[in-house]
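Visitor: Could you have a look at this structure, given as structure tokens, before my questions?
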């Protein structure tokens, strides 16, 4: 039911039709409440002792933030910095601030924070109140010299120094605020970088709302070798599955992007789209008769904690890595270094 509603809304949000006309009064109310909340929270924003980089999106749902955060954290580590990450932890059951460890149940931390920590090893704290999560992280790891806020764009109680706004090829959709459109905020809000997560074959001019963006950065998701859920040491190239019967399952914000990645590799999968942050169960693939089941890494971290799925030798994981331009990474590093030296906040 939830997935059907999401699919319906995403179709409506790409056009200005009867739904957007009907919902415009609610969008006006939403916009008024959001502006008032932003003004109130910004006036009381907490400024931390280290630079804060916020990575988020205006389009509700998934646009590729987790691979972006992982790529940025790895780059900063390579530059000798000591980043930490804070996150809301969507889907997490924990009600208070907590640290994410490999032993942490994904249901307690949320899938994305767990995946970020797994890939980078940096301190990751989750909490509904991101300011408290940030303060707890800095107290526990005082050597941290930069914080990355995963999906904290609209959390104005936390002062930020650099803002990264991420879009995929859906851009701003019909350009309207929720619920008439897909936007949490209007696209003319300030930001330091606009990042477009789309294949290079998609020109920026084709993406709604991105054409005139300043400091536009292109990002592509590149697949790495797949690994077997039951035995991660076993690896195969994605294209090697093209001759097999394949079912593709994805519980992410935009499952079709994952399915299209597989098709681009010559695979013609049967698809099983689930709602974002879907909690997998032991019976999800019982009726599946495909030779191979391909899933995302975000879903893999949940499936690993379910014995029936972890031991299913048909399940293979498709990792993706964000490819970013060297000029963007160099510019971001320079901005962070300037903030660390005490330059005024953006």
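Glycine is no exception: its Cβ is also placed from the backbone N, Cα and C atoms.
Got these off TrEMBL a minute ago, pasting:
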| type | residues | note |
| --- | --- | --- |
| BINDING | 59, 60, 61, 62, 63, 64, 65, 66 | ATP binding site |
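Looking at the shown structure, can you explain where the listed features end up?
Guide: The Cβ of residue 66 (ATP binding site) lies under 8 Å from the Cβ of 112, 115, 116, 150, 298, each of these being in the same chain and 6 or more residues away along the sequence.
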Visitor: How many other Cβ atoms sit within 10 Å of the Cβ of residue 65 (ATP binding site)?
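Guide: Around residue 65 (ATP binding site), other Cβ atoms within 10 Å: 23.
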Visitor: Any idea which of the binding-site residues 61, 62, 64 has the thinnest Cβ neighbourhood at 10 Å?
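Guide: Ranked by other Cβ atoms within 10 Å, the binding-site residues 61, 62, 64 bottom out at 61.
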Visitor: For a quick check of packing: other C-beta atoms within 10 Å of the C-beta of residue 59 (ATP binding site), how many?
Guide: 24
Visitor: Excluding 59, 60, 61, 62, 63, 64, 65, 66, which residues of the same chain place their Cβ within 8 Å of the centroid of the Cβ atoms of the recorded ATP site?
Guide: 57, 151, 166, 168, 253, 254
Visitor: Helix, strand or coil by DSSP: which one applies to residue 59 (ATP binding site)?
Guide: strand
Visitor: If you count Cβ atoms within 10 Å of the Cβ of residue 63 (ATP binding site), leaving out that atom itself, what do you get?
Guide: 26
